[in-house]
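Novice: Structure incoming, see below.
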């Protein structure tokens, strides 16, 4: 079997961190004996510059045919037209591929706790995964309107939308430490009352998973005071958007956090959570770890290469533990250095 991968370098530092990661993929495929082919397509601001829109039909169709999609980063101050922004291409891609589930791991590895803004003893050993519903909720609810006197956003969830994201979270928890925290605002929101009811019903299908309910404000505090207590956390869209960013600073840098977005069938999208950082683009100083860890997620989830994913992650964690990092993590290496060291480790 030959896996079909679509590469979307995007904007800013996106091309340099993605291209370097693809060089690692070539080494890994030879080492673990699997085949793949790459289609490169412009996306986001780069696509606006070339084609006048952030996501062309050609690129979208290629993504629909793919086994996996790797995205570098998109956006930047260059693209200011509110009706034609790079981010609109990502929203369209998510909707077209029905990418309803967003998965964000947060890990604080041994020796890296000093990077965190929190006390080392509070964060070392943190290993949690956030599951965020991505295509419903207040960002997509209707009706919505805005005028000079009043504005309205609608927070709507159906039973089916809640069930599908909750099943993802339960399955993930069952494969890890067997603990799921469901976050809502059940004390005031009707949508959260339905959310909690559905979670409790679905929990009957997963007796091996222990379920805990937290109100969103309490969860925001517990993420800071005791992040090690969490295994898998599931959120609706708005809560997940906010609190996944809170969780991402626990390791000390956005550059350490990968993510995956997927549907029940079809290709999955893998990308680091950081932005395009146009101020450092082309300077060879970008931290590529988030992109490389996203590649590891792709290896595990879409390319059926769990051993390769484990090896790649362990090499990264070992480098971080020994201070082999870029400047944002306190190290002295540049982007190229990171890829060269990882290439040597993988070839060893």
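Heads up, the Cβ atoms here are built off N, Cα and C, so glycines get one too.
Source: prediction; values computed, not measured.
So Swiss-Prot says this about it:
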{"type": "BINDING", "residues": "76-87, 275-287", "note": "NAD(+) binding site"}
{"type": "BINDING", "residues": "94, 104, 132, 217", "note": "substrate binding site"}
{"type": "SITE", "residues": "139", "note": "site 'Important for catalysis'"}
{"type": "SITE", "residues": "185", "note": "site 'Important for catalysis'"}
{"type": "BINDING", "residues": "217, 241, 245", "note": "Mg(2+) binding site"}
Novice: Residues with Cβ closer than 8 Å to the Cβ of residue 287 (NAD(+) binding site), same chain and 6+ apart in sequence?
Specialist: 253, 255, 256, 274, 325, 326, 328, 329, 335, 338
Novice: Could you tell me the C-alpha distance between residue 139 (site 'Important for catalysis') and residue 275 (NAD(+) binding site) in angstrom, no decimals?
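Specialist: Answer for this pair: 20 Å between alpha carbons.
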Novice: Work out how many Å separate residue 241 (Mg(2+) binding site) and residue 132 (substrate binding site) at their Cα atoms, rounded off.
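Specialist: Residue 241 (Mg(2+) binding site) and residue 132 (substrate binding site) have their Cα atoms 7 Å apart.
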Novice: Which has the fewest other Cβ atoms within 10 Å: 80, 84, the binding-site residues listed?
Specialist: 80
Novice: Looking only at 76, 275, which of these binding-site residues has the biggest number of Cβ atoms within 10 Å around its Cβ?
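Specialist: Per the Cβ count, the most surrounded site is 76.
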Novice: Measure from the CA atom of residue 80 (NAD(+) binding site) to the CA atom of residue 217 (substrate binding site) and give the result in Å, rounded to a whole number.
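Specialist: Each residue's Cα considered, residue 217 (substrate binding site) and residue 80 (NAD(+) binding site) end up 34 Å apart.
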Novice: How far is it from residue 104 (substrate binding site) to residue 279 (NAD(+) binding site), counting Cα to Cα, in Å?
Specialist: 25
Novice: Long-range same-chain neighbours of residue 283 (NAD(+) binding site), Cβ under 8 Å, sequence gap at least 6?
Specialist: none
Novice: Quick one: of the recorded positions 94, 132, 185, 245, which has its CA closest to the CA of residue 279 (NAD(+) binding site)?
Specialist: 245
Novice: Would you identify the secondary structure of residue 104 (substrate binding site) according to DSSP, in three states?
Specialist: strand
Novice: When the Cα of residue 84 (NAD(+) binding site) is compared with the Cα of each of the recorded positions 94, 132, 185, 245, which one is closest?
Specialist: 94
Novice: List the same-chain residues at least 6 positions away in sequence whose Cβ sits under 8 Å from the Cβ of residue 185 (site 'Important for catalysis'), in sequence order, or say none.
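Specialist: For residue 185 (site 'Important for catalysis'), the qualifying residues are 192, 215, 216, 217, 239.
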Novice: Of 94, 104, 132, which of the binding-site residues has the most Cβ neighbours inside 10 Å?
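Specialist: Answer by Cβ density within 10 Å: 132.
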Novice: In the same chain, outside 217, 241, 245, whose C-beta lies within 8 angstroms of the Cβ mean position for the Mg(2+) site?
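Specialist: Residues close to the Mg(2+) site, other than 217, 241, 245: 216, 220, 235, 238, 239, 240, 242, 243, 244, 246.
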